[in-house]
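Pulled from TrEMBL, these are the features on record:
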- B:132-438: domain 'NADH:quinone oxidoreductase/Mrp antiporter transmembrane' (DOMAIN)
- B:6-25: transmembrane segment (TRANSMEM)
- B:32-51: transmembrane segment (TRANSMEM)
- B:81-100: transmembrane segment (TRANSMEM)
- B:112-130: transmembrane segment (TRANSMEM)
- B:136-155: transmembrane segment (TRANSMEM)
- B:167-192: transmembrane segment (TRANSMEM)
- B:212-233: transmembrane segment (TRANSMEM)
- B:254-276: transmembrane segment (TRANSMEM)
- B:322-341: transmembrane segment (TRANSMEM)
- B:353-374: transmembrane segment (TRANSMEM)
- B:394-414: transmembrane segment (TRANSMEM)
- B:470-494: transmembrane segment (TRANSMEM)
Amino acid sequence: MSTSEFLWAYLWTVLLLTLAVSLYGIIARPNMLKKIISLTILGDAVNVMVVLIGYHLTYPIAPPILPSLSKEALEGFVSSAVDPLPQALVITAVVIGMAVNMLLAVLAIQLYRLYGTLDVREIAKRGGEE
Amino acid sequence: MDVVGLTPVIPVIFAFALPLTSIIVKGNRKIIQAYALLGTGLTLISALKLFELVYSSEKPPIYTFGGWTAPIGIIYEVDRTGALITLLTAALMFLIAIYSYRYLEHEEGLEWYYTLYLGLEAGLIGVLLTGDAFNLFVMIEVTSIAAYALVAFYRGRKDAVHAALKYAFIGAIGTTMYFLALGILYGAFGTVNLADLSAKVHGLSFPVTGSPVGNIVIASGVALALATWAFLIKAAIVPNHFWLPEAHPAAPSPISAVLSGLVVNVGVYALIRFLYTVYGGELTPGLAKIVGTLGTVVIALGAVSALFGALMMNAQRDVKKLIAYSTIMHMGYLFMAVGLGTQLGLQAALFHIINHAIAKALLFLAAGMFIHAIGSRDINDMAGLGRQMPMATLGLAIATLSLVGIPPFNVFFSKLLLFDALMEKSLALAMVIVVSSVTALVAYMRVFYKIWLGKPSREVAVGESKSMAFVVLLLAAAVVVIGLAAPVILQHYIEPAATQTMDYKLYIQTALEYASRLKLL
């Protein structure tokens, strides 16, 4: 196994572990804020995975910037550059993730104002009654 | 004018311009209401034009954003299924906007309500028109974020904020999983365009994107599993249903009607797109096995949802919670029908989406009139109100009778169709419809008995607002008319829609015509 292949396998293992940890955090942590942090970790792990899907393990790898506008340059570009589309998808997903996290944070603040706690066990005990 | 591109853009523009407009008009409620009616009204006109266009042309019309065709750019490709549900969405959103004004007369922040409301409409229409799996993700998020915020509209109420937080959480996990599914699909097929994906799955060639990489059976399996999970969350199918009975009742009643009638359809529609357009028809044995397994899982979960929803309806005191469990039941029916993968199943699902949306919106709006009058959601507090509010009671009666499937109301005919479609598979599945309907009937009759014949707990003089009663009556009339005209509607609208959606080759072919015009270096 070459170094790059090892790094590749290592990266995917770490990412899958991160995914598992973030799911654990969402399910098992009682604090709402910790749950929100776990959710952002989940989103980020998935984003990195999608960026990695656009990467290919053949050297040399160039960033997706076209050096000059000619047919030869374009051919070289296509064979060496990483796929820029997953990056474009991830940018969109990051922006959407920010909007969702913002909304979640606002709701969590409001929840704290109403209940005086962010512990979901405590909130569940008191229920929705006024 | 290109109505395909225009329809989702109208509500977007109206939504973004509203906060500024409300500052200019100094929060004048009448002007804001007129503005919202104009926005939803124009969308309705555009949706109507789109509907005519799609039904009069043989091929699904395409709109290319910025002139970039598939698979390079995002395209909107509208088949008859999409156009039909778009018209339904636009019409209901317009009527519910009329209803909202009086319902929210004691509330602050009408401008923010309508900003989110129009955003929600834009997202819903985007989901229905798009021909791109990634744009579908974006539009699902637009719909969802507006929906989360609208559930928390009563931001001083504990149940509303808690329910919205729960809804937003589970929704965000679902859409993240869908995004991962998209990444996997892109890694295997090199595209996220639905027509292109379908072409690759069926072994047809499509310009620019090349041929699939790696093992497409495994990639499809993982991606479909993740995507279906997300759709199950969006449509609140057991075991992902737990957010719905809290979120839908906590919202203002017009929003409950939108959520239960239209927003849950997003999950069903997206699954239809994946199962019928991308993975429809003849497949290689490996893929066919995966799609077959998925269909079985979806049918099983749908059946469990239908029975669970019907049972839980009988345990509720909160009238809106009861209706919310009924939504879970009907979503179960829809998933059972979609999972069949047959043309009859698709027809039944389509017709049921329309009937359920209208009847469920009517039910929530009629119940909302009672809630508006007394300020409580408890069935016991509503005892005896029926005689004082004849229009609301009429709406409630027609909606409940329709939803349990009493002829000649509309849901009876779609339930009949569902029954037929499920009979092709097995008798046990068809019996799920009957058993759950009877169970639901018991729950509805209890509400109805209480409201009509119950002894009032306290003396209250209540009246009915004209605009709210008008919307309720109009929807009640729609329930009856669609019921009476069911054979005609089935023949002229539902059947052509199902036939076109089953025909994935036409969907690919139309996108291909545009794609072949691409000029490369």
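Glycine too: its Cβ is placed from the backbone N, Cα and C atoms.
All annotation found in TrEMBL is predicted automatically rather than curated by experts.
Note that the coordinates shown come from a computational prediction; the quantities given were computed from them, not determined experimentally.
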Honestly, do the transmembrane segment (B:6-25) and the transmembrane segment (B:112-130) touch, with at least three Cβ pairs under 8 Å and pairs 6 or more apart in sequence?
yes
Would you kindly check B:32-51, B:322-341, B:353-374 and say which stretch has the most C-beta pairs under 8 angstroms to the transmembrane segment (B:81-100)?
B:32-51
Let me spell it out: take the transmembrane segment (B:470-494), skip the flanking residues so only those 6+ beyond its ends count, and list any with a Cβ under 8 Å from a Cβ in it.
55, 80, 84, 95-96, 98-99, 347, 350-351, 354-355, 358-359, 361-362, 365-366, 369, 391-392, 394-395, 398-399, 402, 407-410, 412-413, 417
Within this structure, do the transmembrane segment (B:254-276) and the transmembrane segment (B:112-130) have 3 or more Cβ pairs under 8 angstroms, counting pairs 6 or more apart in sequence?
yes
Stretch in B:167-192, B:212-233, B:254-276, B:322-341, B:394-414 most in contact with the transmembrane segment (B:353-374), if contact is a CB pair under 8 A:
B:394-414
